[in-house]
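Asker: Below is the structure I would like to discuss, written out as structure tokens.
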């Protein structure tokens, strides 16, 4: 088995085209992000960002996450070019009549795919880290880095299983090349690397979420961007955004339907997110109760006067520590959803373990199917 595994790895790395097709998806994502989509996506998600917040470093890690999720598929597929070549050259039949067990033969192909996938993923991660640091990103600390390595293992496992099953039905290099090009081109869409998922129609979002590596992408984004988002939160100057919010309230000087609707929506936002922000329960209850009272009073035209607006402003000024924390949490939550860092299902965010289970189940199911498919003896010997 060791001899067969060594032979597979030697054949893969000796052929430059194998490595190229393995990296095509990663290269496309990087080039498109740097030249075109990077600035567009950063502008879209940063449209409502707090003043003074820079997103360049965080967005660089967002791109790296897409590259890692894509490379897991493309490198796995590239590694299985050996299997296709063996089929086309009738070497697979020779292996079937040799003393090598069929299960060992299947395991060698799969282990080859895993090794290749892990090597390329580590190289991609190192390159991405250097690029993110150059863009002003915060270095990924030890714990998030270990989490990323864990996701690399899981995504490699799931991707190899899926690609092994698909390739088990391919018998010629020409068909394999066509499929490699198609998958390498589309993979960026399937993991949400070409567009921020939050702007897509819900039906399209659901299609993306059905693809296993889209869940790997979500995990990569959460862990790679963890330190950058924490840095944004820690450096956030609440006074700037607080002043802007007060200005917006002051601009609602007339009792007009759109002005009232705007202010009610603003209070709704503060109420909703103060329910989950990390503050004392008693403080949270008082804050929500008071804002709810203000919201109810907005329905009365007679009460919407300057003194009422000043009362809201004075209260928010007194509670500025809570207010700014809620504001930041509102933006970060929206930021994560827009970028596909977290996935929502019926307004409920999928927990980390749900993404992990998707990858594990994908790997187990398709590995089983691959072993069954490849262990069958060829019809013509």
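From the backbone N, Cα and C atoms, a Cβ is placed for every residue, glycine too.
Quantities reported herein were computed from a predicted structural model and do not represent experimental measurements.
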Asker: Which one of these stretches, 20-39, 200-219, shows up in TrEMBL as transmembrane segment?
Answerer: 20-39
Asker: Between the stretches 20-39, 59-85, 106-128, 148-170, which wins on the count of C-beta pairs under 8 angstroms to the transmembrane segment (352-374)?
Answerer: 148-170
Asker: Six or more residues beyond either end and a Cβ under 8 Å away: which residues meet both conditions relative to the transmembrane segment (20-39)?
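Answerer: Same-chain residues near the transmembrane segment (20-39) but 6 or more away: 59, 63, 66-67, 70-71, 73-75, 77-79, 81, 116, 120, 124, 177, 180-181, 183-185, 187-188, 193-195.
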